[in-house]
Amino acid sequence: MAAVETRVCETDGCSSEAKLQCPTCIKLGIQGSYFCSQECFKGSWATHKLLHKKAKDEKAKREVSSWTVEGDINTDPWAGYRYTGKLRPHYPLMPTRPVPSYIQRPDYADHPLGMSESEQALKGTSQIKLLSSEDIEGMRLVCRLAREVLDIAAGMIKPGVTTEEIDHAVHLACIARNCYPSPLNYYNFPKSCCTSVNEVICHGIPDRRPLQEGDIVNVDITLYRNGYHGDLNETFFVGEVDDGARKLVQTTYECLMQAIDAVKPGVRYRELGNIIQKHAQANGFSVVRSYCGHGIHKLFHTAPNVPHYAKNKAVGVMKSGHVFTIEPMICEGGWQDETWPDGWTAVTRDGKRSAQFEHTLLVTDTGCEILTRRLDSARPHFMSQF
């Protein structure tokens, strides 16, 4: 760390003189960030590093090359970045949509860095919350509403529709149900849902690219209502797709459902990855390792951690009253991923397609309840597109 003029340490609760500044902040041009010692710096790292991410994201947005299509849409906003596949972002993004003040908001909604302090307080713990009957009813409600919103998005999937238009509809549908769209400002995510097209594994940011015939697109919805989050996603076909896309999406859904069939008290969370990877590999596909299922209730992401790959080291045994997601991401090629310069969009390193399905589950005495199931059909939407 570089020596600087004397300042007051920025660690919460410390008023010592600070003579050291974070070297990364100096490099990124972030003002302030003074600490009295390496110990204070390390103790503040979990929160402090978010400043780096935000600064990098803002820098990436400024590094705009020449316009490459007609009008005001830029399909190459990050000069020099080598894309892994054919998909390109369509910038600039539309402005972040407001949420009315009467809608109850999670703790990160108005945080300048989008940080959830309630999640940070429990970071690193492996203790899994047992939900009360009141908690369970809260989860049933928000998951049912999240399903309604995903079904609205499903009805919009066709060539020519932009993911920005889907996000707009999702945002309005959340507000109409007195819900906050959980992704919005979660660690500064700029939209109300995630839309992941073709080689995008997850966390795709809705933009003005029209969906094209032959695409596959995942829409990931999470709602917040009365203090609880409900989370689900599905992958859809855009018009007519090739046989490879059909097999990938079908297999991904089967991976999810086979894992769900194993959920009951006494099962180790690590076992789910063995089930998922066995089925994926039997069909010639790979399983993403960087992103996992998670506990969910009053916190968006919490224990347990639920990896989808085999021989993982996940901690915990299922008990009645646990609520968590399973959301396998299955790839045509290799499982390795990288992230676009926007800091969010995860893509396959080889540029091949990836699909995903997700449900929020409640462990019961004899098995599990799929809280985000369709109420009008036992089939996912893509099966109606065959």
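Glycine is no exception: its Cβ is also placed from the backbone N, Cα and C atoms.
Residues or ranges marked as N-acetylalanine by Swiss-Prot on the basis of similarity to another entry: Ala2.
As a summary of secondary structure, the zinc finger (6-59) carries 27 helix, 10 strand, 17 coil according to DSSP. Taken from Swiss-Prot, the feature zinc finger covers 6-59, and the record attributes it to sequence analysis.
What Swiss-Prot lists as Zn(2+) 1 binding site is Cys9, Cys14, Cys36, Cys40, and the listing cites sequence analysis. The Cβ of Cys40 (Zn(2+) 1 binding site) lies under 8 Å from the Cβ of Cys9, Thr11, Cys14, Ser16, each of these being in the same chain and 6 or more residues away along the sequence.
As annotated by Swiss-Prot, Zn(2+) 2 binding site applies to Cys22, Cys25, His48, His52. Cys22 (Zn(2+) 2 binding site) counts 23 other C-beta atoms within 10 Å of its own C-beta, drawing on all protein chains shown.
The Cβ of His203 (protein binding site) has Phe189, Cys194, Ser196, Asp220, Trp344, Thr345, Ala346 as same-chain neighbours under 8 Å, each 6 or more residues away in sequence. Summarising the annotation, Swiss-Prot assigns protein binding site to His203, His301.
Residues within less than 8 Å, Cβ to Cβ, of Glu358 (Zn(2+) 3 binding site) and separated from it by at least 6 positions along the same chain comprise Asp220, Asp231, Leu232, Asn233, Glu234, Leu256, Gly293, Thr325, Ile326, Glu327, Thr372. According to DSSP, Glu358 (Zn(2+) 3 binding site) sits within a strand segment. The Zn(2+) 3 binding site annotation in Swiss-Prot covers Asp220, Asp231, Glu358.
Other C-beta atoms found within 10 angstroms of the C-beta of His294 (Zn(2+) 4 binding site) number 19, with every protein chain shown included. The Zn(2+) 4 binding site annotation in Swiss-Prot covers Asp231, His294, Glu327, Glu358 and rests on sequence analysis.
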What kind of secondary structure is Asp220 (Zn(2+) 3 binding site) part of, going by DSSP in three states?
strand
Cβ-centroid neighbourhood (8 Å) of the Zn(2+) 2 site, Cys22, Cys25, His48, His52 excluded:
Thr24, Leu28, Ile30, Ser33, Lys49, Leu51
To the nearest whole angstrom, what is the C-alpha distance linking His301 (protein binding site) and His294 (Zn(2+) 4 binding site)?
6
Express the distance between the Cα positions of His52 (Zn(2+) 2 binding site) and Cys36 (Zn(2+) 1 binding site) as a whole number of Å.
19
Cβ-centroid neighbourhood (8 Å) of the Zn(2+) 3 site, Asp220, Asp231, Glu358 excluded:
Cys194, Ile221, Thr222, Leu232, Asn233, Thr325, Glu327, Thr360
